[in-house]
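Comments concern the structure below.
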Amino acid sequence: MAAAPGPAPGDASDALPPPLETRRGRAGAMKLTRKVVLARAKAAELDSVRKLNCWGSCLTDISICRELPNIEVITFSVNSISSLEPMSQCQNLSELYLRKNSIPSLNELFHLKNLPRLRVLWLSENPCCGPDPHHYRMTVLRNLPNLQKLDNQAVTEEELSQALVDGEDITAPPAKRNLENGCPEANESSTTECTTEPKSEHLNFTLEETNKIREQLGMKPVPRDKFSSFSPRETDGSRKKRNNILNAILLLMKELDTEGLEIIHQTVGKRLQALQKKELQEER
């Protein structure tokens, strides 16, 4: 099986990590804590942390990054992060994965301009990307000309030259927001399940994404009534776990090439046959 291109392993290699112990604030806000960082990095002190993966953890407050002077790789994809300022002092940072967060403006790039070793950035699927992909990419490259890969796509010399013409030069940080005051400390045992997302919206998203993948694999779509019929029989914990697993698989599917998708197709087919056989035996 061919390896997924680019930084996909760094972006979602631990796509379903154990639940984080964070601090929950108002409206489900999540603050990444020292305890979590040390546990995830398997480190004794913050200054010894080199890699940190908190993929899909509903994080909003990552101010702890200011205390990670030697961090080299950060994976914060699929969260609710809206500011890059906490990473502005991470001088050894070389890879930063922030796909699918809440970065509102390209002005946030100002906080990354003084990171001399940053070579890989994944920022797609954020509000800051806007409706014009060319303007977005040119602006990122004009302000971060040392990047070798942006959004899983290699940066060319031609692009860097064009960025000087088409990209916007960001010379000042965005208006400062006091996110920490909006995230008061709470119980240390809180977990990172998103509580603000309506269950019906989560179900619609999962069904839609499920049927897109089934279509790619040559499978029939799942009817909504059949899809939702098994949810009430599940506990909240098992339903959330299933949805998290499914969402992670759907995201990773986008990184596979034809050979990889074919292997998935065959594996899914065998799994479906086994389940159908089991259901027939139970009906008898």
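Each residue, glycine too, has its Cβ placed from N, Cα and C.
A TrEMBL annotation is a machine prediction, not a hand-curated record.
As given in TrEMBL:
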{"type": "COMPBIAS", "residues": "1-15", "note": "compositional bias 'Low complexity'"}
{"type": "COMPBIAS", "residues": "218-238", "note": "compositional bias 'Basic and acidic residues'"}
{"type": "DOMAIN", "residues": "133-151", "note": "domain 'U2A'/phosphoprotein 32 family A C-terminal'"}
{"type": "REGION", "residues": "1-28", "note": "region 'Disordered'"}
{"type": "REGION", "residues": "172-200", "note": "region 'Disordered'"}
{"type": "REGION", "residues": "218-239", "note": "region 'Disordered'"}
Counting only residues 6+ away from its ends, which parts of the chain sit with a Cβ under 8 Å from the domain 'U2A'/phosphoprotein 32 family A C-terminal' (133-151)? 6-7, 99, 106, 109-110, 112-113, 116, 118-124, 159-160, 162-170
Is it possible to list how many residues within the domain 'U2A'/phosphoprotein 32 family A C-terminal' (133-151) are helical, extended or coil according to DSSP? 11 helix, 2 strand, 6 coil
How does the model score the domain 'U2A'/phosphoprotein 32 family A C-terminal' (133-151) in terms of mean pLDDT? 98
